[in-house]
Ligand SMILES: CC(C)(COP(=O)(O)OP(=O)(O)OC[C@H]1O[C@@H](n2cnc3c(N)ncnc32)[C@H](O)[C@@H]1OP(=O)(O)O)[C@@H](O)C(=O)NCCC(=O)NCCS
């Protein structure tokens, strides 16, 4: 069986930037509070005309260019998103049409902030089993649309963006293992409690917003991510010293620091974008990965630890050789 290797990455952030100073004008908060509790200084926000697919398309095209392939070589498209363009067709189908790759399978994954890791894991299985040779996995969000901009406990945390990878079959090691988990008993701690078949009225009123019990989420996230570090290393019979880079989900610098500590990694081996992106949900891991590959920190042959945690709760990791 062949490995699935990342052969190209891409990212995209909408132009508009919202700083902590801007938020101070909108809600009762301060740059000091946001910085101290989260590490976030600014985030990008899509304009009212920009859709998740718009962001996904640019990230995908950047990944295709970086991989040096033609879009028509893609045999599988997975888009991880919590903020799809429409109820249906999936954002992956809309993206497929834009890329002109008609025919191959395309579908969305909903695992909130862990969505990209879920998508990566699924694509890897398709490649490993020989079903497809080349896959596009995108994490894309216009999370700003499900934020109550008058709720200071959530509006300071999130941002919009998209990240993408091209995976290809290879005899050289790529993804070594992925680990996916979920526990729906925590659904009430982080949720948008409205949808098509539940609380549809809330959706119709345009008030379907993120609700979160932040400190509870924080505690479970730290505990759970520590466990998945152990699980991932054990599955590969590897020790902390063999990890070159941690590319974590970017929700809060304090959660990231705790995971880095568990991996015994100094912060200069951790890719941090939360300061300038905020939490872009499914886009955060591929965006961070793309930035660190493009600026030359992550090099071919490096061992990468990717992890994420999100609503559901869902959580997951991927260990790979870049
Ligand atoms: C949200 C989070 C930053 C809050 O930090 P915290 O240290 O847990 O703070 P708390 O929620 O306990 O709130 C502390 C105080 O700050 C206040 N506060 C909350 N948001 C605030 C804001 N934006 N500005 C100023 N004060 C704020 C609270 O009202 C509370 O005030 P009180 O003590 O008078 O009641 C933190 O819990 C967190 O990051 N949680 C995880 C979130 C996450 O990762 N979500 C996504 C998972 S993918």
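Cβ coordinates come from backbone N, Cα and C, glycine included.
Model, not experiment: these values are computed from the prediction.
In TrEMBL, the region 'ACP-binding' annotation falls on 250-254 of the listed ranges 245-249, 250-254, 255-259, 260-264. Residue density at residue 249 (active site): 29 other Cβ atoms are found within 10 A of its Cβ, drawing on all protein chains shown. The secondary structure of residue 279 (active site), as reduced to three states from DSSP, is extended strand. Here the region 'ACP-binding' (250-254) has long-range neighbours at 37-40, 113, 157, 218, 221, 272-275, 277-280, 284-285, 287-288, 309, meaning same-chain residues at least 6 beyond its ends whose C-beta is under 8 angstroms from one of its own.
For the domain 'Beta-ketoacyl-[acyl-carrier-protein] synthase III C-terminal' (233-320), the model's pLDDT averages out at 97.
Following the DSSP three-state reduction, the secondary structure of residue 249 (active site) is coil. Spatially close to residue 113 (active site) yet at least six residues away along the chain are 249, 251, 279, 281, 282, 284, 308, 309, 310, 311, 314, judged by Cβ distances under 8 angstroms.
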